[in-house]
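Below: one structure, written as structure tokens.
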Amino acid sequence: MSDSATAARRSAIYLLDQVLGEGRLLSECLAAGALDRLGPEDRARAQRLALETLRGLERADRLLDNHLNRTPALTVRNALRLGAVELCNGEAAHGVVNSMVEIVGRSRKHGRLKGLVNAVLRKVAAEGPEAWPKMRVPRLPEWLRGPLVTAWGSEAVAGMEQAHFAGAPLDLSVKPGSEGPASDTLPTGSIRLRGAGQVSALPGFDAGDWWVQDAAAALPVRILAPKSGEAVLDLCAAPGGKTLQLAAAGAKVTALDISESRIERVSENLTRTKLTAQVIVGDALEQEGQYDAVLLDAPCSATGTIRRHADLPFAKDGSDFGALIELQARMLAHAWTLLKPGGRLIYCTCSLLPDEGEVQIEEALEQYPDMSVDRSALRVPGVEDSWITEEGGLRLRPDYWPDLGGMDGFYIACLNKST
Ligand SMILES: C[S@@+](CC[C@H](N)C(=O)[O-])C[C@H]1O[C@@H](n2cnc3c(N)ncnc32)[C@H](O)[C@@H]1O
């Protein structure tokens, strides 16, 4: 057992404690420096372990409950959960069990439970790997499952849960005129890699030939179809995947975001890809000017990204979504004032909730007499007719493309302003 593997596991348990005990998102823990003491490889490993454990949490708990008379303290339970998931994913038993015994044994508060950890994980090692694939696909917590079943039906939600459990491959958008690493090309033009490993080690990263962007997230700009020289405002730009697409098409891009730390990533991405945009820290609700086109990728529940952010259903409970829905409507109203007559606005959210997509557009179309929805703009390569919604937007879901590896959940609408 290497010290480095144990350090990564200890950090993964800390992340699980934060998500499951404190309701913090992994991104918040990482931004607060939770893994700063680890080297890059162990940092990646700790994150991967935490995410895999959250994906398999329901199964791990079922296996563990067979061997526990009482529920131990959360951090010990999380060590057992991580151990169970690793064992069932085929990791060698001695390494996993010894590591977890060492981690729990060193705890001043819980050290006496190391014998329990040893006994329980040995039982899981003996029976878990065979039982694991026969267990049901882990379900979303009820606070999210309920509204999704109401919106899309139980069969669709079961498909989404399957996609969440499988996790996400790595999708790239390639700069026009450049080449991406050898991979599959998706029907919409993004390229997809499986088991890619460290992103910055892939060919073409340093040269800025491509950037990481889920296939669904690449569609809003394809639908906007920016023209060279057009003035385009990217209102919620960070970390900048869509800004890069706009700039690569030759548009005169203004990229704005309220978060100073996140906007730095837009600048870094522009530098790496040798693309240009005006980058501004500011509040979308206070922006002024008139643009040929506006992209509003509004802050949202991010429920469409659970394949990659398995922590979200556990860290959140939906209580802050009402405020986000209200903010989206205010942002759309203000964005509309920034659009020249005859211009087009893309509204999009990486959400699975109709209140953040379909309903926003239905309400806006009733409210603004100079607004119309452009269905024809949605017909870009790879988009299927069945994804187009009644009010004229595009609904993307993680259970689509099941044989290709899924896609993020997204809602996209193209809105035209009359002249
Ligand atoms: C969905 S993310 C944008 C993703 C980005 N468009 C991309 O493709 O990489 C939403 C962004 O909205 C930003 N945001 C939230 N409230 C804002 C506001 N009032 N004004 C500007 N940006 C805001 C957040 O900081 C966050 O970066």
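Quick reminder: no glycine exception, Cβ is built from N, Cα and C everywhere.
Taken from TrEMBL, the feature domain 'SAM-dependent MTase RsmB/NOP-type' applies to 132-418. Annotation comment: TrEMBL describes Cys236, Ala237, Ala238, Pro239, Gly240, Gly241, Lys242, Asp257, Asp297 as S-adenosyl-L-methionine binding site. The active site, nucleophile feature in TrEMBL is assigned to Cys350.
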Take the C-alpha atoms of Ala238 (S-adenosyl-L-methionine binding site) and Cys350 (active site, nucleophile) and report the distance between them in angstrom, rounded. 14
What residues, ordered by sequence, lie under 8 A Cβ-to-Cβ from the residue listed as 'active site, nucleophile' and sit at least six positions away in the same chain? Ala216, Ala217, Asp297, Cys300, Ala302, Thr303, Gly304, Thr305, Asp408, Gly409, Phe410
S-adenosyl-L-methionine site, defined by Cys236, Ala237, Ala238, Pro239, Gly240, Gly241, Lys242, Asp257, Asp297: further same-chain residues with Cβ within 8 Å of the Cβ centre: Asp234, Thr243, Ala255, Arg262, Val266
Using all protein chains in view, find how many other C-beta atoms are within 10 Å of the C-beta of Asp297 (S-adenosyl-L-methionine binding site). 24
What are the sequence-distant neighbours of Lys242 (S-adenosyl-L-methionine binding site), meaning same chain, six or more residues apart, C-beta distance under 8 angstroms? Ala217, Pro220, Val221, Asp234, Leu295, Asp297
Do you know which of the binding-site residues Cys236, Ala238, Gly240 has the most other C-beta atoms within 10 angstroms of its C-beta? Gly240
